Amino acid sequence: MAKTHNVTEFIFLGLFSNQLVQKVCFVIFLLLYVAIVLGNFLIVLTVMSSRSLGSPMYFFLGYLSFVEICYASTTAPRLISDLLAERKAISLWGCMSQVFFIHLFGGTEIFLLTVMAYDRYVAICKPLNYTTIMNRQACAFLVGAAWVGGFVHSLAQILLVFRLPFCGPNVIDHYFCDVLPLLKLACSDTFLIGLLIVANGGTLSVISFIVLLASYVVILLHVRIRSSEGRRKALSTCGSHITVVTLFFVPCIFIYLRPSTTLSADKMVAVFYTVITPLLNPVIYSLRNAEVKKAMERLWVRAMKPEER
């Protein structure tokens, strides 16, 4: 660390300053976080226990739901506890750890969504070769590659921030530690580091988003020759993926493509991609997918049987 690094902790301003609003938000965000954990855990449990959900699509969905739990858990518990705290402080190392894990799970989610788009492309455009291409080894490799990609992305982010000197002030106008609020507090020129953050975070989000949209355009063009039933099923599946991709990538692009400036709306946008999107994912995938709903019903029936005896 630099010799001018005198800061040992950071103080969050949080989402709101009004104490009554904070108490109301404590209840709201606590319920939202519980819903995130239970909803995504239910999908993981359903995929793991149901033989009918043995296809690669559900294999990836189970991992995505697990990542969503981890991703939300890096910010939501801290946000909830700070809503009742008078002094919202976090240590330097705690702050750096939060930055690392946010980008680890966020980066992994980006690559997982890309893998899921590739899976849908193979399933719809190359159905005869689907089981050969997307075999167990290939699926395990793709999931592993997503985790490695998330780790490399996160490592690059934390190395950029870790080298910054912080000599005061130490007040972060946010509710969690991230690269952009920390750039504002550094007592050195951050122009070059800002450009590197754009290249690592913003550009990654934009390129991945464009690739994902392009893949779905190819899929939608391909399904035009299918029967009406096949076209309906393909559109339903792709519709769920496109919704999730849009909900996650648009806020991320809004935030990370302009590190030199911060806006008052950034905190609310961050709430959307750290809390709302992980909450909506299980709803979107379960309510729009008949197979998942049926598997959940069977899981519920099996769980209730011991009590009926």
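The backbone N, Cα and C atoms fix where each Cβ goes, glycine too.
What TrEMBL says about a protein is an automatic prediction, not a curated fact.
Per TrEMBL, domain 'G-protein coupled receptors family 1 profile' is recorded for 39-285.
Within the chain carrying the transmembrane segment (20-45), a Cβ under 8 angstroms from the stretch's Cβ atoms is held by residues 14, 61-62, 65-66, 68-69, 72-73, 76-77, 79-80, 83-84, 275-276, 278-279, 281-283, 285-286, 292, 296, 299, all 6 or more beyond its ends. The transmembrane segment feature in TrEMBL is assigned to 20-45 (among others).
Per TrEMBL, the feature transmembrane segment maps to 57-80 (among others).
Annotation comment: TrEMBL describes 100-118 (among others) as transmembrane segment. Residues 57, 60-61, 63-64, 67-68, 70-71, 74-75, 142-143, 145-147, 149-155, 157-158, 176-179, 201, 204-205, 208, 211-212, 215-216, 241, 244-245, 248-249, 252, 274 of the same chain, all 6+ positions outside the transmembrane segment (100-118), place their C-beta atoms under 8 angstroms from a C-beta of that stretch.
Per TrEMBL, transmembrane segment is recorded for 139-162 (among others). Beyond the ends of the transmembrane segment (139-162), by six or more residues, the same chain brings 1, 56, 59-60, 63, 96, 99-112, 114-115, 118, 179, 182-183, 193, 196-197, 200-201, 204 to within a C-beta distance below 8 angstroms of the stretch.
Packing against the transmembrane segment (191-222) from elsewhere in the chain are residues 103, 107, 110-111, 113-114, 117-118, 120-121, 124-125, 153, 156-157, 160-161, 163-164, 179-180, 183, 234-235, 238, 241-242, 245, 249-250, 252-253, 256-260: each is 6 or more residues past its ends and has a CB under 8 Å from a CB in it. Per TrEMBL, transmembrane segment is recorded for 191-222 (among others).
The feature transmembrane segment is assigned by TrEMBL to 234-257 (among others).
Long-range contacts of the transmembrane segment (269-287) within the same chain, counting only residues at least 6 positions beyond its ends with a Cβ under 8 Å from a Cβ of the stretch, are 15, 29, 32-33, 35-36, 39-40, 42-43, 61, 64-65, 68-69, 71-72, 74-76, 79, 102, 174-176, 178, 240, 243-244, 247-248, 251-252, 254-255, 293, 296. Summarising the annotation, TrEMBL assigns transmembrane segment to 269-287 (among others).
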